[in-house]
Amino acid sequence: MKFNCSKNDLIQALQIAGRAVATKPQTPILSGIYMKASEGTLELQATDYEIGVVCKIEADVEEEGILVAPGRYFSEVSRNLPGNTVTLTNDNNDNTIHISSGSAHFTLLKMNSEEFPCIRPLNNASHFTIRDTVLKKLIRKTSFACANDETRLIFTGCLLELEEEAVRMAATNTHRLSLDQEVLEGYEGDKKQVIIPARILGELEHGLNSDIPCDVTVNISYNEISFSFDNLYLTSRLIEGQFPDYHRVIPSDFKTRVTIDTAAFMAAVNRVSLIARSSEYNIVKLDFSMGQVHISSNSPEIGHAEETVPVVIDGPDVQIAFNGTYITDVLKHVDTKEFYLSLNESLNPAAVRETEDEAFIYIVTPVRVSR
Amino acid sequence: MDRWILHVDMDAFFASVEQRDHEEYRGKPVIVGGLGPRGVVSTASYEARRYGVHSAMPMATARRLCRDGIFLSGSYETYRAVSKKVFSVLSRFSPVIEPLSIDEGFLDITGMEGLMESRREYGLRLKKEIFEATGLVASVGIAPNKFLAKLASDLEKPDGLVIIEKEDIMRVLSPLPVRRIWGVGKKMNERLALLGIKTIGELANTDIKILEENLGTHAARQLYELSHGIDNRPVEPEREVKSIGREETFTEDIYKREDIDKALLYLAEQVGWRLRKAGTMAHTIQLKIRFGDFSTYTRRKTLEQPTAYDEEIYETAKELCSSVTMPRGMGVRLLGISGSGLGTSSEISLFSARDTQKKEKLYGAIDDLKARFGEGIVTKGNLIR
């Protein structure tokens, strides 16, 4: 095998593929990066069995071939090469990979390519296409609300729900729920629900960074999902299990609706949270009355913080306590200058909505503070 | 500055309250404690002590020793009220008070020389004011640390007042048996006896290396220091409550699942009420179970969210209980439930938010009734006896 390619293209591809290289591989081969050179293209693959990445770049292929290079060393060597063009050669009878660029020359031992679990496109899968900007927004507005706690696996993923002409994404850690939806033009398939691990969504959000809008093709089989766009193909296992009925947790009506300046409120809650203790759920108390919200937190052994922000209160006054993190988390993803906070009583869930976008809703439960 | 600690201990507290309130008990042996077949003595009056009755003794033994005694189950409400009066007197004598129990406590009187004629006068004045407020007699010990102060209050009981000056420490300590040291129980006493150590003086004169070899470094150092009258523990005014619990020894061993469940429900109700009264919630629930052969097991579970609700405590205790295999043919002698990992807040789950609101209202109503009419006013239907 022999090819020449742009060093920058190679580095970029390795960066993306590198995220799927197993850090603690179940078998040694998973620490490698698979390369296939053919017809002007170099294809790179990496997988840790949970997720898989395939990335293609242009290359001047002189001799076709397949090999697996040790992931970490190949990435680090490539990143540090001088010059602009990389030449990689491998004699089929030989156990080594030769990499040269500019004045530098490296030889790396190759891995056994027959052992590598190649990533193949999903067969027998239902599929749809979605604009990259739409998919990215859905991910950005929901995946932050997932649980980190691996003990409840279904909450470490986002629910993707497809209906005629509509796509929804929801995430919860059982104390908060984030839900966003978009029109899905041309989708006429069955109603479908799958739970996608937050990890692949993170990689996807990372990869969806092109300035030129594109379509993403999504394939869903019974236990896997894949996303392909540009020169990238990402695949992941789905999380098995039943996502709880999130409609049930969205209150049908609220007694009080408060309109709040997003940036001012977020900054104030951030400041007041400095005094809240993580061991006690970062409690931040909110007291809505007289056209303002009084934000406070108190830790007997640390100190006390308070701040007020003017708001517009529509309905009865409310006092309520939240985990401050759950409030600042969502406000980072609110895109409007002002937002609505809808409330009932002090132990009822509250809702955060954007003033100009009906599609997004965030439900958060208060913290119960003993009497 | 030299530390000075004062220890107050009410003399035969429960029995003395009974004698104060009942003229006919005065001068007679009064024994307060559990009157069931497995009860133990809480307090014996000095008249009863002459018959060899002492606290923690099985009630059956006490009855045998003192046939003419007056045996009472006691009225704890009254004792608590009296205790409150005692501590309100104590609060006039030092701002730093550590209550040890219902009837004893430490006062830090370091640097208060300007407020007292002499330490002896201060101690006498304290005893006098307790007597004026409650009609009861207390013993007082004053010494440079907690260990010595507690020891001193016990030296001339009842109605004692002993002050241990620095230069007298070893003279007082040396002849006393090692059991008088805090933390020396039956087992440690035996181990020390094997080393030929019977008195505190002998202990103080033993090479620390020998102690370390035989008792372990930690215990050895502690004993060695105490035997020289050294104790640096501060008087801690509000000791943090680490757990809240209740346990019950049954009059007769219980065998039936439903009886066990009933007992757990009863305990859970009490623990829930205590937690709510303290304005706190427990993250971990612990179950203690003792069988007829005295084998004792504890099981604990940390909940996803802290609770102070009876039924959540009950369900957890029941689950823990079913994880303990009952020895064949053995009944349950004791059950206990306690909550630890105490905090004042919990996150509400989205998927049970409606329940939380309902429960909070329900318990608000229940606790209101309990606070107004006493704990027994509301209970579960199947606990009504």
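Glycine is treated like the rest: Cβ placed from N, Cα and C.
According to TrEMBL, the protein carries these features:
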ACT_SITE  B:Glu104  active site
BINDING   B:Asp9, B:Asp103  Mg(2+) binding site
DOMAIN    B:5-185  domain 'UmuC'
SITE      B:Phe14  site 'Substrate discrimination'
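The secondary structure of B:Phe14 (site 'Substrate discrimination'), as reduced to three states from DSSP, is helical. Per-residue confidence over the domain 'UmuC' (B:5-185) averages out at a pLDDT of 91.
DSSP assigns B:Asp9 (Mg(2+) binding site) to a strand segment in the three-state reduction.
The two recorded residues B:Asp103 (Mg(2+) binding site) and B:Phe14 (site 'Substrate discrimination') have their Cα atoms spaced 9 Å from each other. Counting only same-chain residues six or more apart in sequence, the Cβ atoms lying under 8 angstroms from the Cβ of B:Asp9 (Mg(2+) binding site) belong to B:Asp103, B:Glu104, B:Ala138, B:Ser139, B:Val140, B:Gly141, B:Lys150, B:Ser153, B:Asp154, B:Lys157. Taking Cβ-Cβ distances under 8 Å and a sequence separation of 6 or more, the neighbours of B:Phe14 (site 'Substrate discrimination') in its chain are B:Val32, B:Ser42, B:Thr43, B:Gly74, B:Tyr79. When secondary structure is read from DSSP and collapsed to three states, B:Asp103 (Mg(2+) binding site) falls in the coil class. Within 10 Å of the C-beta of the residue listed as 'active site' we count 19 further C-beta atoms, all protein chains included. Neighbour count (other Cβ atoms within 10 Å of the Cβ, all protein chains): 23 for B:Asp103 (Mg(2+) binding site).
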